[in-house]
Amino acid sequence: MTPQRAGGQGGAGGPDHARFGLFYLGYYGYVGLISPYVSLYFADRGFDPVQIGVLMASFQVSRIAGPYLWGWLSDMMHTRVRILRVSAFTSLLAFLVLPGVGSYGGMMAMMLTLSLLTSAMSPLGDALTISTLRRYGAFDHSYGRIRMFGSLGFIGAVLAGGALFEAVGMRAFPWVASAVLAILAGVVLTMRDAADEGPRTTPPRALPLLRRPDVAWFLASAFLMMFAHAALYVFYSLWLETLGYSKFAIGMMWTIGVVAEIVFFYYQGLLFARLALRTILAGTFVLAALRFGLTGYFAQLAWLMALVQVLHAATFAAHHSASLKRLQAWFAGPLQGRGQALYTGISYGVGGTLGGLAMGWTWNALAPAHTFGLAAVAAAAGAFCAVMSFRAEGDGALQSSTAQTRSAIASDEVSPGDSMPNR
């Protein structure tokens, strides 16, 4: 399977799906190496569990402020591609020197640097993809089919990395990650900024938009969804292992979720064409509450867990695409880089970090099942916030949009259908 090519990027024939698809394939391939294996690399280097925990936490610290700093810089410089190139090549250089770092302090400094450098890739890559697709009215149909290559890259890296490191050992980790980053850097070199990104003037301020009720409620819902998913990303495998699941069975559960995610991304255009955005977005939270509640209190039923993992298509994939579509109502044109970064920092950065801490507390102080119970409660609260966001918009917040937002949307030439409120 290869990404669809629909013409040159920004050209008359439409956006170049191949470059975007390869970007997601490479970036999430890198994530698929980092997420499961970097802690094993730290252990192989001789660091103790406490040191490893602090090193892993350092990744999250940079994800809170880093995305917004890169988003602000991209909006000020009127470019995303140049910053993506800097991010990719400096990350590659950092990984190449990683084997020579011996001290704990040096490794901490290196992890903070790497996290800061790579925190530009996801928000700016999404912003570039979305701004290009919107110019052709192609977001609903095409974004999922491009983004699914990120899911393929992730699961491919997890599986290939496991087999490779089992055979040659964890000392190969930096070199494998460097190879993936080198490929990603090569892809980024072929990418170009979306045509006509707007006049070269000082971009409007983004933070005042946070005072709008519909924006604030939406970002609160995004925070709560990632807060809830911390239970999944940090404790799901451990929870199943505690209940007696084999490592093969645990791996299969994760695989079911990723396959469901890929299927959704491929067919998302059908769903967006048939259901209102408010229905999709609110529905993802309701299904997340159901998913985490069942995971916490009925996980001993393997057949049920297999079915529940299919809900990953809703709680991650559908929520991700619907959130990006909704975000475009407020943060477009010269605000897009910072808007995408605000969403990433508040949800994945702050939400993921605080969620991990809270879930860890419930795991130790209460019971493992209640960790997922807390996640279900957070998801239910997120549903309320999502509904309130649309209600605030309907009560007139959208009509009282600031001149900044009107200017931003005007500078991002979109189709009439895409420029309407996300309902």
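Even glycines carry a Cβ here, placed using N, Cα and C.
Just so you know, TrEMBL annotations are computer predictions that nobody has curated.
Copied over from TrEMBL:
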| type | residues | note |
| --- | --- | --- |
| DOMAIN | 19-372 | domain 'Major facilitator superfamily associated' |
| REGION | 401-423 | region 'Disordered' |
| TRANSMEM | 21-43 | transmembrane segment |
| TRANSMEM | 49-71 | transmembrane segment |
| TRANSMEM | 83-101 | transmembrane segment |
| TRANSMEM | 107-128 | transmembrane segment |
| TRANSMEM | 149-169 | transmembrane segment |
| TRANSMEM | 175-195 | transmembrane segment |
| TRANSMEM | 215-236 | transmembrane segment |
| TRANSMEM | 248-268 | transmembrane segment |
| TRANSMEM | 341-363 | transmembrane segment |
| TRANSMEM | 369-390 | transmembrane segment |
Original post:
With pairs closer than 6 in sequence left out, are the transmembrane segment (369-390) and the transmembrane segment (215-236) joined by 3 or more CB pairs under 8 Å?
Top reply: yes
**OP:** Between the transmembrane segment (21-43) and the stretches 83-101, 175-195, 341-363, 369-390, work out which stretch tops the count of Cβ pairs under 8 Å.
**Re:** 175-195
Original post:
Is the transmembrane segment (107-128) in contact with the transmembrane segment (341-363), using three or more Cβ pairs under 8 angstroms as the rule and ignoring pairs under 6 apart in sequence?
Top reply: yes
Subject >> Touch test for the transmembrane segment (49-71) and the transmembrane segment (369-390), at least 3 Cβ pairs under 8 Å >> reply: no
**OP:** Give residue numbers and ranges for long-range contacts of the transmembrane segment (107-128): same chain, 6 or more residues beyond its ends, CB-CB under 8 A.
**Re:** 20, 23-24, 27, 30, 42, 45, 47, 54-55, 58-63, 66-67, 70-71, 74, 80-81, 83-84, 86-88, 90-91, 94-95, 97-98, 101, 191, 193-194, 324, 336-337, 339-341, 343-344
Subject >> Average model confidence [pLDDT] within the domain 'Major facilitator superfamily associated' (19-372) >> reply: 86
